[in-house]
Amino acid sequence: MKYLNCFISTGLAAFFLVNSTSVLAADCSSDLTSGISTKRIYYVAPNGSSSNNGNSFNSPMSFTAAMAAANPGELILLKPGTYTIPYTQGKGNTITFNKSGKEGSPIYVAAANCGRAVFDFSFPDSQWVQASYGFYVTGDYWYFKGIEVTRAGYQGAYVTGSHNTFENTAFHHNRNTGLEINNGGSYNTVINSDAYRNYDPKKNGSMADGFGPKQKQGQGNRFGGCRAWENSDDGFDLFDSPQKVVIENSWAFRNGINYWSDSSFAGNGNGFKLGGNQAVGNHRITRSVAFGNVSKGFDQNNNAGGVTVINNTSYKNGINYGFGSNVKSGQKHYFRNNVSLSGSATVNNADAKSNSWDTGPVASASDFVSLDTSLATISRDNDGTLPETALFRLSTNSKLINAGTKESNISYSGSAPDLGAFERN
């Protein structure tokens, strides 16, 4: 199942027209663009100058000049390439997005021609500076597409604003979490984005997650079609977050492995950490996959609220599903149509059925076309969606086909939903 621009209103979903040309495309396999029109384009290149007018790539502005000039409904169009942010030892070099777009008229920042604009903050491997985020998004209604943030001195992106969208973005090799939402950030959408190899030297890997909608994050934050792998701590970390987070069609794998030769390494290694600190967070995760994580694939982590867990697959984690902690009175987890393979599942205080460890059929390797987990890191499809491979797809004669329970908002093609993250068509 593809998640192309999921969660986003129709007007924004296909992205935007740019003077009826094809410098941007909703689907990079075609030259077509559709959606809404921008009021103004600011052309930006790595060698751009504040003295240029930014009317074309022949006279590109600098990124900072374009940010200062851009208004709601306007586009900062980035020439693909590397935008190097100078590093000075002991000092931060954050880019702050503190102005705001408007509902229906965000400020767009996007790479041209389906390319990638890489913002390299240049921090050496062992160096970090407190709060030296790469992107610090305090404003509202920004729309980022085709952007990468790497080697930031702390979080790759730290989001406290609201109604922002990150599409087909990547956050990697930063000195803390790839993308974190905190301190009131609400109604942010992260779609078809990757976070990998983030590590915090400050605390020996115990803080750097892939994606972190945590603590004081506000309501309405959603993730779809995202991957988080080989981060020093967790893939997705919803620690101490009472506001509901929705995660769909996302993958978390090989988190918590010491790739940094840190003799004091302290990463946790959960795929999806779905709570913490006894906060009551009624999060929802569907159609997602966890494998090869050091600790747990799907982790309650002392969430005192009931979590909804539907049609997920967990394989060869330390523990596949860890939901053994108590919840507050009146709270209960909801588990349906999940698969656990080559690992244990502990699910207490739950309304649970049609899972492979309870009333559903027991899963085995023969139920799947492939368990080759190297397929998880191949390139995304041209439209930015996760690659459609044989990994964890059900085999023709799998006993997991049509073995699930019908659920609202869970589509299926047979007489009933299949078990696991991927419906066999």
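Backbone N, Cα and C atoms are what each Cβ position is placed from, and that goes for glycine too.
Predicted, not measured: the structure shown is a model, and the values here were computed from it.
Within the same chain, the residues at least 6 positions away from Lys273 (active site, proton acceptor) whose Cβ sits under 8 Å from its Cβ are Asp209, Asp234, Gly235, Phe236, Asp237, Leu238, Phe239, Lys296, Asp299, Asn301, listed in sequence order. Per Swiss-Prot, the feature active site, proton acceptor maps to Lys273; the stated evidence is similarity to another entry.
Taking the Cβ of Asp209 (Ca(2+) 1 binding site) as centre and 10 Å as the limit, one finds 32 other Cβ atoms among all the protein chains shown. Residues annotated as Ca(2+) 1 binding site in Swiss-Prot: Asp209, Asp233, Asp234, Asp237.
Note on Ser413 (Ca(2+) 2 binding site): other Cβ atoms within 10 Å of its Cβ, all shown chains, come to 11. Per Swiss-Prot, the feature Ca(2+) 2 binding site maps to Asn402, Ser413, Ala416, Asp418, Glu423; the stated evidence is similarity to another entry.
Here Swiss-Prot flags Cys28-Cys114 as disulfide bond, drawing on similarity to another entry. The Cβ neighbour count for Cys114 (disulfide bond), using a 10 Å radius over every protein chain in view, is 23. Secondary structure from DSSP puts Cys114 (disulfide bond) in a helix.
The feature signal peptide is assigned by Swiss-Prot to 1-25.
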Sorted by sequence, non-Asp209, Asp233, Asp234, Asp237 residues with Cβ within 8 Å of centre, Ca(2+) 1: Thr177, Met207, Ala208, Gly210, Gly212, Asn231, Gly235, Phe236, Phe239, Asn255, Asn268, Asn270, Lys273
Inter-residue C-alpha distance, Asn402 (Ca(2+) 2 binding site) and Cys114 (disulfide bond) (nearest angstrom): 38
